[in-house]
Amino acid sequence: YSLSSDVAVGVKVRNNLEMDLCSLFFSSANGSDSKKQRLDESPPSRVLHIRKLPNEVTETEVIALGLPFGKVTNILMLKGKNQAFLELGTEEAAITMVNYYTAVTPQVRNTPVFIQYSNHKELKTDSSPGSSAGGVSRSGCPVLRIIIDNMFYPVTLDVLQQIFSKFGTVMKIITFTKNNQFQALLQFSDPVNAQQAKLSLDGQNIYNSCCTLRIDFSKLVNLNVKYNNDKSRDYTRPDLPTGDGDSANKDHSLLGAISPLSAAAAAAAAAGRVALSGSGVSGVLLASNLNEEMVTPQSLFTLFGVYGDVQRVKILYNKKDSALIQLSDGNQAQLAMSHLNGQKVFGKVMRVTLSKHQTVALPREGLDDQLLTKDFAGSPLHRFKKPGSKNFQNIFPPSATLHLSNIREGVGEEDLRLLFSNSGGAVKAFKFFQDRKMALIQMSSVEEAIQALMDLHNYDMGGNHHLKVSFSKSTI
């Protein structure tokens, strides 16, 4: 969904925060008028100043505040002051983040924190080896710490090995999940190879528009690998035991219940180049166990369109509980499959698999009297046609909470509650964002939210305002 990037709104946001920030400011600035003056005048910047952080907070937790809004390019922790500076890739992303966190209080470890624009236009931490973000002082280290942002597809240990081995001999890899984020430690035989890999790969996407590599040098100089399995590997010791298979897999639920790409296929594809384009993988999905009384090409277009640009939908003539859905590419198909397989739609658990078909054929003219096939190639409702669209950053699994945007002026909470109740569900909670053009609405189940999204995305509210509906990661 797109959050307002209007600079004027950003300034207004800052003024609204002023009451909270002033008391904080005076406690650290001894009531200095000059500093208060500077706070008032801080224009939008891609560097954000975060205050009142809890003790012992980690870099990863602070970075997690910014990740939904775009690439985080740098961080500086002021541990003694419970503060941090966070640099985002663009000023627009920073404005979006500030606007969002005025409607939804930012929290770290269940503690509210304050976010405002910094006077700095960028963070120059590399020249200060003592800083926690620089990492340059450790450039003689052969071990890299890898964090994967925007991880919409599973990334396997084999994929990492194939990508990084282009720069030298990879000796060991350990993967783990920390603060709900997939991370890895990877050891090269030579620190020079680690340096080259970091320079070349930091900020690159493994897959199109997602799975961004964020790379730093680790404080460790040697990794101790005990088991060779899908979580850790010592390539110099093939004789190591596999360990307990169950515990090795316990964190994989975080990466999606099913792995859309087999490890071997993903590794082979990644070896070719860093950005996978879903090459060789069909963009066509087969959805089965559908409710044939209820399902339509339009409803499938809307639901699968949350994860990719649907080109064509065909409900099978001889098996009307099944349909073929063609997306723009294999990546989008895998993304939709990983999020929608097993979801309850129209009262039945839908199964989604990759189809052997490469395209969905359109029927000859006059032969589709039941309107089972529809071509959506020219639809204006595609969410991902525009490169760099904010929609890429806001792809979430189906959830009971929906994000609404493009709400018409004058439409109130009761109007929206009534509208969503009429789609056959119960509204449990509702919250307007500050500008009242966006809101969160919580249904009583994920199935009801899926139904509401299919019914009401692009709903005409009059005055050329079409309601936009997507799944939210927030709760109310």
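Residue positions begin at 1 at the first shown residue.
Here the Cβ of each residue, glycine as well, is placed from N, Cα and C on the backbone.
Curation plays no part in TrEMBL annotations; they are all automatic predictions.
Residues annotated as domain 'RRM' in TrEMBL: 46-130, 144-220, 283-357, 400-474.
Helix, strand and coil counts under DSSP for the domain 'RRM' (283-357) come to 19 helix, 24 strand, 32 coil. Under the criterion of 3 or more C-beta pairs below 8 Å, with sequence separation of 6 or more, the domain 'RRM' (46-130) and the domain 'RRM' (283-357) do not qualify as touching, having fewer than 3 such pairs.
The average pLDDT the prediction assigns to the domain 'RRM' (46-130) is 83. For the domain 'RRM' (144-220), DSSP puts the residue distribution at 22 helix, 34 strand, 21 coil.
The helix, strand and coil residue counts that DSSP assigns across the domain 'RRM' (400-474) are 20 helix, 22 strand, 33 coil.
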